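Here's the structure, in structure tokens; my notes come after.
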Amino acid sequence: MDAILLQLLNGLDKGSAYALIALGLTLIFGTLGVVNFAHGALFMIGAFCAVTLQRLLSLSYTVIDPEKKDFLGNPLEIKIPYVEKWFGEAAGQTIIDWSVPLAVLFAIPIMLFIGFAMERGLIKHFYKRPHADQILVTFGLAIVLQEIVKYFFGANPIPTPAPEAFRGSFDFGVLLGFDPNVIIYPYWRMIYFAFAMVIIGAVFAFLQFTTFGMVVRAGMADRETVGLLGIDIDKRFTLMFGLAAAVAGLAGVMYTPINSPNYHMGMDFLVLSFVVVVVGGMGSLPGAVLAGFLLGILESFASMNQIKSILPGIDQIIIYLVAIIILLTRPRGLMGRRGVMEE
Amino acid sequence: MSKTDLTRRGVLKTGTIAGAGLAVPTIFTAQSARAFTNEPTGDTVTLGFNVPQTGPYADEGADELRAFELAVEHLNGGGDGGMMSTFSSKTLDGTGIMGKKVEYVTGDTQTKSDAARASAKSMIEKDGAIMISGGSSSGVAVAVQGLCQEAGVIFMAGLTHSNDTTGKDKKANGFRHFFNAYMSAAALAPVLKNLYGDDRAAYHLTADYTWGWTQQESIQAATEAIGWQTINNVLTPLAATDFSSYIAPVLNSGADVLVLNHYGGNMVNSLTNAVEFGLRDKSVNNKNFEIVVPLYSELMARGAGNNIAGIPGSQNWDWKLPDEGTKAFVKSFGEKYGFPPSQAAHTCYAQTLLYADAVNRAQSFDPCAVGEALEGFEFDGLGNGPTLYRAEDHQCFKDVVVVRGKENPENEFDLVEIVEVTPRAQVEYEPDHPMFAGGALGSCNPGA
């Protein structure tokens, strides 16, 4: 029972990342009709916003310590961050320590700008082109973005830890009446799940309860009619692209303490996220979220030793297996709309 | 008058037999007279450096390339000569290899066997490379070694740690300076016994490919020999990025040690996940829970950050070793690039020098002559103390470095501390050891 509960928590956690990326993908597909293969790269860029802020906050000046030697036997150069000089050692270290939560604020304008630039600079030229062209151009863009990040940050993962206060794990089992140390779960993963829920809730509330969101939903249903009403739907859709980029970027920022960012992390998530979108139903926002959590949980359970001993290798194929079964029984996915990708 | 019966067919037949007959003695007496693949005829000789320039091991590849460039510079008389001055063999004098200036071409393995074979093939066929070196994956090494055997050139393996490279997949044209999984385990087990005692229960997570399998088999055997129990071994996909669902079952398995048979990004992520789930703060069976990473690299340690603190593992070489060869190499590399070399850089530099020296000693670029010069060759001065290139399987035997993640690093390069330098005798094994059984070295192939 405890093992199942632990894997359930894990699944919710994996599902959070899948759901956030799939939510952004569906926003773009639902509003603009564009299949955005560069969406994983946006997730990766978000993660590197956290790395960049961590580096900016750690910018240092050097002091020579003649007592100590560097690897060549020369006097050691010690780097002291400017924030420590300006705010004092303790406060400076705290600021650097909190670089990931601070990066959430740092990433929002950057991701919005990248989203707008991508849509206006490239994607808008492909609205009327076949989906295959859109896939090719966005996939190419993903590779370009990936290579740029690799050029500036290198190929190795870059540790970007959570603040000291949120490292370590929480005895979740005690809350549920289990013995101590039976179900312990990392603080940051719980924060990531809560963060995902807040973002998902905010996006739905925005679309559901604001006039802007109402117009966008109307545009998603019938773009031409909304345009005939004199509403500049294109401008709204550009904003939606920026919003989708920001959702992916924030998912990336908050993911960095879970796994150190590297330049190909977007590609690692991209294929899975597309499976999530297809299983949820192309164009369906609730479908994307539901499928994200469902597949995250299934993947987590499939990697349990008890299940792997019966079905070896199931952890590697479970998502695709479930996708095949769902698409055979419900060709539009779990919550797919009629007419989407069916012409 | 004697009658001659000359026919076209008869002349051809006689000529062929006579030609073959005349050629036979030269095969055994004058190797230089025999043609072989990419025999250098001008003033230069071309080496092929096949490293991952893209993909998850690109940083290791970049460091390997730096080392190759430094080796070529030194062979051609540039720079300070690096380890050429400390190398026990004295045939290298800065005039290239056998008086020919050294040139090189590079290829990108992408850490994929098929891409690595394709780039090595291109370097051999189009660029005329006479020796191929590099790589940072055992899958790649085994594939490229096979290709070099078929093509008739020497393969001086870079970073490859699977037992299979000089075990079941060994080849006469292939030579490995890097250590292997068996040697890691043999060096590590006694240190683990000292650190954590002989009554431990280990849980293994293993990368699901040739290196992971032989690494796990080796460390399981070595730790069981010191009294440890193996609770479970779970294979993890190479493409996995989040290992949390594999880490979670460890918590309640009864294990008090987690062995991560992972490398590169896999190790960085699995270790981060394990620390994040509080494994290092746990107490199981009245003992502190411990994590072991059998194969370390400083580049990986940098990726894992603080999580690596206190965790033991093994390395082929470390830039902090006190021998003269290491000092000379670190000085040379550090002054040129501004940071100390990785173990991948060291092994690639050493392999290039070893190849050049073998050609000089053999006085021939013929791969069979070079192979003969390397087989059973004993040397010193390239780090790790006295070293033997064993003839039976082309595996180098030298001291192994057992390290531990440093608790309080003084600078960004000071990531691991040397716990012990395990003497070569302790990590040696018979060529027919079961973990290396199967396959055959075969005979050298000179190619064309």
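Cβ atoms here come from the backbone N, Cα and C positions, even for glycine.
Just so you know, TrEMBL annotations never went through curation; they're auto-generated.
What TrEMBL says about this one:
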TRANSMEM  A:15-35  transmembrane segment
TRANSMEM  A:42-64  transmembrane segment
TRANSMEM  A:102-123  transmembrane segment
TRANSMEM  A:190-216  transmembrane segment
TRANSMEM  A:237-258  transmembrane segment
TRANSMEM  A:270-298  transmembrane segment
TRANSMEM  A:310-328  transmembrane segment
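Of the Cβ pairs linking the transmembrane segment (A:270-298) with the transmembrane segment (A:310-328) and spaced 6 or more residues apart, 3 or more are under 8 Å, so the two regions touch. Highest Cβ contact count with the transmembrane segment (A:42-64) among the listed stretches A:15-35, A:102-123, A:237-258, A:310-328 falls to A:237-258 (criterion: pairs under 8 Å). Here the transmembrane segment (A:310-328) has Cβ contacts under 8 Å with residues 272, 275, 278-279, 294-295, 298-299, 302-303, 334 of the same chain, all six or more residues outside its ends.
Through the fold, the transmembrane segment (A:237-258) approaches residues 13, 16-17, 20-21, 23-25, 27-28, 31-32, 36, 39, 42-51, 100, 103-104, 107-108, 110-116, 118-120, 123-124, 160-162, 166, 188-189, 191-192, 195-196, 199, 203, 206, 212, 216, 219, 265-266 of its own chain, all at least 6 residues removed from its boundaries and within a Cβ separation under 8 Å.
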